[in-house]
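Scroll down for the structure; my scribbles are underneath it.
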Amino acid sequence: MTIIDGKLTAKNLREKLAIEVAEMKSEYGVQPSLTVVMVGDDPASQVYVKNKVQQTQAIGMISSEINMPANCSQSVLLDQIKALNHDSSVHGILVQLPLPHHIDESAVIAAIDPNKDVDGFHAINSGRLFNGDLGAMVPCTPQGCVLLIKQHLGGDLSGKHVVVIGRSNIVGKPVAMLLLQENCTVTITHSRTRNLPEVCRQADIVVAAVGIAEFVKADWIKEGATVIDVGINRVITHDGKYKLVGDVDYQAVIEGCGAITPVPGGVGPMTIACLLKNTLLAAQATISKRSV
Ligand code: NAD
């Protein structure tokens, strides 16, 4: 049984990206830059943004943060995004979600230039991914899941049966599309799926993106299967402290599966590493445009 080390894989990816960033700077004088827009002061979002900014700078990219008040209007936020779209020194734009309730998230995502949409949530990028267009800006967490699966099982995933639990636009659907591109047989399951344990037992690979702590049980997993746990759930322990657990009953599943990602230290670290990768791709695209 292998514990898939997302922390190490993410570190290796960041090191590789740092070399590419330095090369881009010396060859073309371009330093990739990411701007994170945050509305309000949600503590969890603040931690995520701080991590993103730190890791962006650590690999030699430019990172800036725009903080807007929680009561900022949608039109002010859209104007800010328009300005960033037109600013050629900004390669990647990320609006930290969730946004306050008075702001329509989908309108905000739609306002981001698809070529700067490093989260990969814009409908143009979802469409590109759906069409199998390799130029798509792919959402970071699904990208991280696939990198971990490929690293563990080797490059060729042809014919593997993957059961994805969850059909969200940010994890379930895009990870299913990516695995389809890898020639997997993909089953997407969700809250209305019947006989979920039985469906899961058929899988060579299970990707759990449900948002329910320790939801996937040991007897749902075929012996030797690979389990990718996307979930991040904060639960209270017996002594009143908080801890993070995934969507998989890790201690039980670990007994029979072939490989599993831990929480924390599995998919989580890959998400930011893939955000950096997308920022580099966005910057590279501006260089190829210049040289055409
Ligand atoms: P979501 O709430 O948008 O979607 C959850 C999905 O689970 C839905 O499609 C729903 O149909 C399905 N579901 C709910 N109850 C179910 C049930 N009983 N049986 C089968 N399916 C069921 O959540 P999301 O944004 O996709 O995130 C899922 C989890 O992944 C959360 O724990 C979230 O915190 C975590 N997450 C982690 C990262 C990361 O970087 N590691 C990134 C994004 C999300």
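Backbone N, Cα and C define each Cβ position, glycine as well.
On a predicted model such as this, the values are computed, not experimentally measured, just so you know.
Feature annotations, reproduced from TrEMBL:
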BINDING   G166, R167, S168, I232  NADP(+) binding site
DOMAIN    4-119  domain 'Tetrahydrofolate dehydrogenase/cyclohydrolase catalytic'
DOMAIN    139-285  domain 'Tetrahydrofolate dehydrogenase/cyclohydrolase NAD(P)-binding'
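Where TrEMBL records a feature, it is marked here on the structure.
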residue: G166; record: NADP(+) binding site; CB count, 10 Å: 24
residue: R167; record: NADP(+) binding site; CB count, 10 Å: 16
residue: S168; record: NADP(+) binding site; CB count, 10 Å: 16
residue: I232; record: NADP(+) binding site; CB count, 10 Å: 18
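Residue pairs drawn from G166, R167, S168, I232, the listed NADP(+) binders, are separated by up to 16 Å at the Cα level. Here the domain 'Tetrahydrofolate dehydrogenase/cyclohydrolase catalytic' (4-119) has a mean pLDDT of 97 out of 100. When the domain 'Tetrahydrofolate dehydrogenase/cyclohydrolase catalytic' (4-119) is classified with DSSP, helix, strand and coil residues number 62 helix, 19 strand, 35 coil.
Secondary structure of the domain 'Tetrahydrofolate dehydrogenase/cyclohydrolase NAD(P)-binding' (139-285) per DSSP (helix as H, G, I; strand as E, B; remaining residues coil): 55 helix, 30 strand, 62 coil.
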